[in-house]
């Protein structure tokens with residue numbers, strides 16, 4: 001499978017020099033408070049190259065790159081998860097089709113920011129296909145003098161993503177003109193990755209890029225790498241946020257297992273963050289694995305068909321599989337947190353941990369409802385320990401209460417016992433925690449101490465649903481969500497987003 | 001049933017003069033833009049009296065009345081609907097118990113604003129009971145020299161409501177001291193009703209009070225009246241808003257039917273408004289009917305047990321029942337709109353009409369999701385016709401998409417057909433409407449005209465889910481929701497509500 005690419009590399013030395021010629025664009029100025037989240041160097045997976053260019057998708061953008069390419073020189077196994085929104089954007093439909101038709105042999109993804117190409121009718125689908133095929137043509141041009149390909153494949157080898165305003169037609173001509181330019185800029189340095197991470201941003205205030213090395217137990221001498229970029233600052237809620245995320249690794253993953261790896265890791269990371277409760281039309285998270293760091297003959301990481309819990313100790317997973325699942329989950333945790341850190345108008349990073357629930361669903365319903373409550377989020381913005389709103393949000397969570405419109409039957413309420421519920425604020429600096437409600441009884445809260453905790457950028461809300469009998473009743477399920485506060489700036493950003 | 005009260009009236013002429021002695025408190029200043037929603041006179045149901053007094057529930061409130069009483073001199077039939085929130089406030093539990101134990105013979109309700117008495121543990125329940133029994137003692141004092149009662153009834157004849165901050169203990173002593181004072185202030189003038197309507201307000205910027213006369217077809221010579229007050233400006237979402245509503249009529253309603261009357265009318269009115277998607281711990285809407293205007297021997301308005309649709313023409317309802325159901329529904333529509341008009345920080349009144357849905361649930365799911373989308377609401381605040389967000393909100397609506405956390409199965413998406421969906425802006429001034437999306441295809445929108453429409457305070461969004469085949473396929477269900485925009489002021493109000 002990998003031989004074709006080696007051939008390509010062998011035949012394209014001149015083009016490779018192009019990959020390095022990319023120079024970073026004039027960067028938007030990053031907020032000083034966010035600089036700590038922007039890496040100044042990185043370690044990137046072998047055989048992956050990134051590039052970007054300027055198409056001016058948004059008429060007001062005369063300056064910043066808004067086309068990004070992520071390309072593997074070797075064909076990859078790939079997986080992507082998409083928004084559940086009924087009004088899926090055209091690039092979502094097109095990428096889904098590509099993934100279905102072409103089970104392997106992927107080479108990466110082309111992305112535009114500035115326009116979501118969503119709810120754009122038949123023309124929108126043509127535009128998304130055109131983006132994928134234009135990117136594929138760039139690959140074809142590289143391959144043209146190799147033995148591997150001479151004609152364009154029927155199904156593009158590149159996925160496509162768009163992000164930006166919904167319901168406006170994509171300016172396709174400048175985009176198709178800019179894609180070859182992005183291709184020519186491909187490179188593998190930190191600056192190259194950073195420029196692509198910047199090009200996919202919309203209302204983001206800083207680029208979101210992470211990378212790391214890891215090893216697998218069966219052969220600790222081999223170093224693998226994983227890198228990922230993400231964007232998304234609003235219209236952001238589990239299943240999934242308005243976000244794009246692209247993760248690349250040079251580990252070797254079985255094409256039949258890669259979706260399950262991604263799904264398990266996403267479920268407890270990107271599907272547990274919320275900025276504003278709006279689930280967009282475009283959300284896409286893609287994982288590419290090209291195996292470039294794997295020694296010849298190394299087994300691909302695979303998962304038996306009947307295993308869904310990658311953390312289970314009793315499963316038949318190999319140590320390598322288990323290790324990679326842990327690495328991927330931790331990596332997606334860190335990457336997804338960057339999105340929350342840049343939540344539109346966010347001033348706080350709020351961790352919501354719900355414990356001693358009677359089921360994982362109950363824990364997630366409670367955590368999700370808190371994470372989307374406008375009143376909880378404005379209170380945190382105001383540094384106000386208005387914890388009654390936390391309880392309130394648990395108490396009306398769909399699935400915890402019955403709901404005739406959703407046809408959720410009555411009798412759900414036993415998931416939460418008000419008289420057994422406790423709420424505690426956990427400060428970020430490991431100083432003493434502050435109990436607000438203990439088994440249904442409000443505590444005499446030191447408001448000064450509460451204010452002190454709420455001054456911190458990072459705060460954790462710990463909710464115990466069955467504080468009394470967690471251990472003995474088996475009410476031991478828990479869920480963790482991450483969200484930000486709701487500020488004046490959120491309103492400012494979204495009241496006039498299109499201009 | 002009504003004889004006891006006549007006795008009471010006969011024995012209490014002096015006390016009745018007290019009822020008129022009430023003088024309006026120093027009023028908060030009402031916003032000039034809202035004056036058109038505040039009636040300067042009214043026509044109130046016979047036999048109902050209202051009063052208010054100052055307890056200083058909130059320490060910072062040294063001036064405004066925060067205790068309200070609504071009392072019928074005759075025993076009433078009564079119904080109340082309550083929040084579905086699991087963390088029901090103490091007054092909700094206490095009122096539910098009173099309604100269950102005492103099937104009739106109600107005399108009204110006592111309300112405090114400034115503190116919701118919610119999530120306040122065992123002490124909170126005692127406080128709510130104390131409020132109800134204190135109010136009942138006032139009645140008992142009135143009855144003391146009559147033949148009807150000499151001892152306090154085991155179950156109070158007064159319901160109890162609280163509204164305000166959650167999770168703080170109620171200052172019960174000032175409240176129990178203020179209730180008799182409110183009782184002494186009872187009166188039946190417009191000023192009396194208005195002062196009670198003001199006393200139940202929290203973050204409301206204007207009092208919400210409506211009244212009207214109506215007749216029933218069987219005896220058009222008899223004039224009945226209905227009056228109601230409501231409050232609630234935030235933590236407000238169907239099932240139900242953070243609101244209190246008290247509706248009184250001098251029509252005669254069968255105690256066994258009154259709950260169904262209220263339920264049917266609430267379902268398409270107060271359960272179809274949203275300010276911020278938070279469903280509070282305290283929501284209560286109560287209907288009292290004392291029959292004081294009904295001629296002797298008149299039949300009580302009743303509903304057969306098996307009828308749930310009061311608008312159905314094929315049903316066995318009498319013309320009187322049908323007429324009253326219409327009057328009540330229209331009255332609750334108008335009353336509920338006042339709450340939206342005063343949504344926290346609201347600058348717009350947005351009607352969301354979803355048509356040609358395949359079921360009433362699909363219509364309501366779509367309308368509800370639009371009405372709570374932070375992105376739709378900030379766009380309207382910014383007068384930005386960002387209609388893609390409307391489609392987006394429909395597309396992720398729980399119940400329209402599958403949801404593993406809510407255990408909503410896949411296969412729901414056929415409720416919405418993107419290629420058959422149309423969206424139109426309907427201006428409030430009956431000028432030309434503006435089609436934004438027609439059967440899945442975005443229209444070339446005149447942005448100037450869109451801005452013009454969005455300058456208006458009232459805007460309607462019309463969504464047709466199956467525009468092509470509504471008539472022929474039977475996709476003819478519709479739902480109407482009402483909401484407001486999300487503004488900077490909402491954040492300001494809620495970031496520091498407790499101080």
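Backbone N, Cα and C define each Cβ position, glycine as well.
Predicted automatically and left uncurated, TrEMBL annotations should be read as such.
Taken from TrEMBL, the feature substrate binding site covers B:202, B:231, B:242, B:344, B:494, B:499. Marked as active site, nucleophile by TrEMBL: B:242.
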| task | Report the member of B:202, B:494 (the binding-site residues) whose C-beta atom has the most other C-beta atoms within 10 angstroms. | result | B:494
| query | Within 10 Å of the Cβ of residue B:344 (substrate binding site), how many other Cβ atoms are there? | reply | 28
| message | Checking interface proximity: list the binding-site residues among B:202, B:231, B:344, B:494 whose CB sits under 8 Å from a chain A CB, in sequence order. | response | B:494
| Nonlocal neighbours by CB distance (under 8 Å) for residue B:231 (substrate binding site), same chain, sequence gap 6 or more | B:113, B:163, B:197, B:200, B:201, B:202, B:204, B:208, B:243, B:244, B:245, B:339
| field | In three-state DSSP terms, the structure that residue B:202 (substrate binding site) belongs to | value | coil
